[in-house]
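Record features, source TrEMBL:
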- B:58: active site, nucleophile (ACT_SITE)
- B:119: substrate binding site (BINDING)
- B:152-254: domain 'Pseudouridine synthase I TruA alpha/beta' (DOMAIN)
């Protein structure tokens, strides 16, 4: 459809990634994208409502603040609450919900207009497995040195070639990225990493956290982390942390399309 | 069994209350108590291992720090890690896990030695239902005035006759209890109540939170809360908040039996 034939809406979405093959449509299972577009098409009398997302999360990865845009037919009378609550209604009983909806210009793009992606990764660090946070955390039994991990995160802050921490299947043209935030804190048995950048390489957050686990367990020194970064070779980086600890916490835009929308 | 025939162990337990009929054994479904005692009996060659708990949580109520004691046969060679990890192993695949185990004297009692119970109640306060915290929060759609609720919690702090906030089926001899802590804070879309006392009446926390919801929505004034307390009549109190928002966060003992146990 030409831009004048569509009305573009930005939606903020929360989902539990456990039952899905990931964000992107796939033939081998249920994706968040397929559910969202199907739910949205119910508001458009069955017409297709294609979406573009800010971050194509992998199978098992969660989101508390994913953002996508949806192109509805231009003539439909849509208002913020009806889009938000209508899509959420049609998403039942799946663990996916629209938290906010805002009309945006056809030149606005959930992927290309994003100025920052914010991820959170949680490790449950205790002997006992999770009973309450099943599928929400990575369970690491051995005691971890958070101070050492925090020092290691600082080595990786800023602009670097992250080839050693990108999936070998990553499609990006180059591996230079800028980590604007990368830190870890402990609260009780839970370690939380915050990782923020304009954009990320495929598996970058999980590969960084997998490497930090080696530091936290005393298996890797800070020097080894620096060597891994400088090697620019995936074989030099640490292992990929499991999907279930990862959550796309939010996406920033300037201006924020959701700043003025209804919150009740 | 006589005290000399048993070795008593204190265990700290986390569980997701969703699939259970509650703590206490019942004929109509699976209880945490039945699972725990059955798992413990595997360590005792099939002999019965009875338990007493600090707090008999209702169906759907969670615990991140429940405490119980277990009476194992005196002759068994048991050590802390084997009790903790052995019971947890036999609790699979249920969402129940033992976080710590400590040998205690036969005069120590999980219920009667407790000096404080700590509960947490969480409300998800936004238009959209929970996708990530399904069965973990009470979803309240309308905007809530946290400042008004916080003022109302202060009216109920301290020692009162809580007849208006106890279940009509409550078996306690009298309704006088002392709330040592009762407050509420907002973090994003989540309101968290902290409620602490030496002991509680049946449904007391849920009835208090159900009343606070009326205050938060502007339906009840502070004066109405005071009237409800002074009425000493369950019909004057607010409704019972649902089980899924409630979590037994911890139980205090003096001294703490888990202070010196293995944490790895």
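Backbone N, Cα and C define each Cβ position, glycine as well.
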Task = Using a 10 Å cut-off, grab the number of neighbouring Cβ atoms around the Cβ of residue B:58 (active site, nucleophile), all chains included.
result = 19
Query = DSSP says what for the domain 'Pseudouridine synthase I TruA alpha/beta' (B:152-254): how many helix, strand, coil residues?
reply = 37 helix, 31 strand, 35 coil
Query = What's the CA to CA span in angstrom from the residue listed as 'active site, nucleophile' over to residue B:119 (substrate binding site)?
reply = 13
Around the Cβ of residue B:119 (substrate binding site), the count of other Cβ atoms that are within 10 Å = 26
